[in-house]
Amino acid sequence: MVGGRALDGPPVIRRLRERRADLARVTVRRALAAPIVVLAVTLAAFVMADASPLDPLAAHLGDGYERLTEAERSAAAVALGVDRPWWQAWAQWIAGLATGDAGYSPTYRQPVLDVLTERLPWTVGLSAVGLGIALVVVVLSGLIAAARPHGSVDRALAGAAVTLSSIPTFALALGSVAVFSVALGWLPVSGAAPPGQAATVGGVVRYGILPALVLAAGQVPWMLLAFRRACSTRRHRRPSPSRGPVD
């Protein structure tokens, strides 16, 4: 009995149980909302594509579009499925997605699932590297700032985090490419290897430096502020020996 209240277990264990319950509720809510989000986003994409002034058939055929007759254009439109209203095309795409067919990418000229399968490992790896860099920066910066709470270093890091969080990630990415790739020429713009060459470990590292740093920069602000707040809360909740443990 502490402060007139019975403890049902150590405070740390109770907090862990509460966090696990919160995480489970959030996971269930996100899982239930995911299909609705997919339907809404894909529906909006089909609506905007239909409202676009661009001709999808001309964009797909390129220079060959002008050399085709009207009959050939109509046949090509039927073959590509661009002759139907957007709601029919969207419904057919949803039906195909349910059977594992995500459609065909005219940009890469291959099935969408093949494009995702080819590029997903690179995306996951790059995201993991960016998150790892962010964690290292946050932990080191947080420990340095925690040594002197509300000191000059702590305030400077908090201000830098707030400033960095106000910059959109896409703007940070474009600015980084403009400075380090275009202006200075230190790092490549995109890809994993020079055109026509196989990817190597050294090449992947060199090509991945800039995007990994940009991804890390997008994660550092909120992680650093959360880490700083957690350290501050822990200092304020330090129990007094004369009053016993704190709930």
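Just so you know, glycine gets a Cβ as well, placed from its N, Cα and C.
According to TrEMBL, the protein carries these features:
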DOMAIN    25-126  domain 'ABC transporter type 1 GsiC-like N-terminal'
TRANSMEM  27-49  transmembrane segment
TRANSMEM  122-145  transmembrane segment
DOMAIN    140-230  domain 'ABC transmembrane type-1'
TRANSMEM  157-187  transmembrane segment
TRANSMEM  207-227  transmembrane segment
Candidates 27-49, 157-187, 207-227; stretch with most C-beta pairs under 8 Å toward the transmembrane segment (122-145): 207-227
DSSP helix/strand/coil residue counts for the domain 'ABC transmembrane type-1' (140-230): 67 helix, 0 strand, 24 coil
Residue numbers, six or more beyond the limits of the transmembrane segment (27-49), whose CB comes under 8 Å of its CB atoms: 56, 86-87, 89-90, 93-94
Same-chain residues at least 6 beyond the ends of the transmembrane segment (207-227) whose Cβ lies under 8 Å from its Cβ atoms: 126-127, 129-131, 133-135, 137-139, 141-142, 157-158, 161-162, 164-165, 169, 172-173, 176-177, 180-181, 187-188, 190-193
For the transmembrane segment (157-187), distant same-chain residues with Cβ under 8 A (at least six beyond the ends): 141, 144-145, 206-207, 209-211, 213-214, 217-218, 220-222, 224-225, 228
Per-region confidence, the domain 'ABC transporter type 1 GsiC-like N-terminal' (25-126) (mean pLDDT, whole number): 82
